[in-house]
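According to Swiss-Prot, the protein carries these features:
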{"type": "BINDING", "residues": "17-24, 85-89, 139-142", "note": "GTP binding site"}
{"type": "DOMAIN", "residues": "8-286", "note": "domain 'tr-type G'"}
């Protein structure tokens, strides 16, 4: 069966923003207007289609990226829009990361009252990383304090972007009535509650001057990106709408300009125009850079790496990237994937080149949040889910077994917080390990391990809310009862100076002995650089077959730490000398010698403990400003800056995570519940000496 929508009329987009900017409400309206829903689901009533997990409906926030397919008609042509609604809470940043990796365009939703918020900045940087073209939708124009112009200015100041408003609001707050279309130079008034009845009129006289200036700015910004239009503009020619749209589309796809629209999703104003902008301005899979891959076993980072192109063409070999795993209560494990090239039919086989495993494609599903529709095949540019793959996980490449390639995977941040968790009964124990393993399959930023000394299960994640949701799901979905400990900080160990270590492991016990001897130089590799191993052996003083064992011995010893039991990071190890014994040397002996070298190296290399530092933003009424700043300082925080936002103040700064547990309750009581805050991991830095000694002492005892 051929594809129902031509590829040039397919759009893969994400709805992305800060928590509470109105992403899910916007998506709900899109589903309503595209005919996917007959009744609008309201987030504040707990009825949103895209928020289908119980935890999401209770908290009114989006936790997992839900995918759905909708259709939109524009100029008598039918477009297919695959939408991913992503979470805005910083603890679920992995969901945003994996969604952006497979999208072609984004709709960034801003709250017209708050403007650009911290998670908006994080999301914007993530979109920059993947070069995702985007349009902005300034939402909540009906709210008290809504300010379109200020939000546009914040996009310039905070995000360093070049926003171009292509619409202006008519009125604001409870007098928000419609929008001015600057392209068409006309006003659109909304005449009913669901936004379906619209009336086109002349631009109101009181806004004529402002609209003229805004249109002039828009024309100039678009003309600057297109030589042909620039010539016409300078010659004073009237620029035609089709030419302007063509140039704006090219500038948007090339990430030179960001079109800005406005509306109120809750009041059903401006959403249809935003859908028009999605099909008019965001790219189809044919317009994004051609996907590049390497053959299995080739390091894509190497200078001489040879890349293979995978065009968005259904006749090319099949290539896809798995970006999400989900346990579905009805069909079992689901793997969401994006098809970059070729087509895939049910009943065929794919090769998972990341794991080198063949998988049979049993059933293919097109997802609508958590409703599913069986399909027989998927084509280049589609987003779909396959049921029940055994060995396939997030970030894996699946492709045609006859033409294997590996796509760039998805990189996720490391967890910064951990808690111990214990089952309440023996029956819960087995269920708990199954539940946690399943949840770890779904979420790459959630890790679990067993503490070797205490035997406790330790779960690690991106923040308190992240782990709270994981534990909640474990109890509800898998019916496990458990006790959860207090959150712990993910400290790290590192070194401050370079040191040469001579380490020898010799064991003679009659018969074949053990002999491994290495000389390793350890030095700091730089913040965030991780573990770097360099083989500096010349002349075979350590035979080549033992070098991987040395590298592994150091890496494994780094995991358990040295001075206080925290993982060692940011160390460069250079193996420069050593010796071996013809009979007694073995991989194990060299591994043990290397492990001893690392422990010695950390002790002698000026060891220090690093702690995670969080970037925080507190929005606080003027009256409570002093006590909030005093409190941040008392938590070893440092204030970076302050600015007024409406009648509140925004305080920005950095605070160690160790001092932020329970902050939400303290802030509420200090400000009578009138302040809000958000925080995200920013970097690691050395802990003060007195606190380091406390941690070392605690580890010893």
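Cβ atoms here come from the backbone N, Cα and C positions, even for glycine.
What you see is a predicted model, and the numbers here were worked out from it, not measured in a lab.
Looking just at the domain 'tr-type G' (8-286), the mean pLDDT is 85. In this structure, residue 141 (GTP binding site) belongs to neither helix nor strand by DSSP; it is coil. Within 10 Å of the Cβ of residue 141 (GTP binding site) there are 28 other Cβ atoms, across all protein chains. In this structure, 20 is the one among the binding-site residues 17, 20, 86 with the smallest number of other Cβ atoms inside 10 Å of its Cβ.
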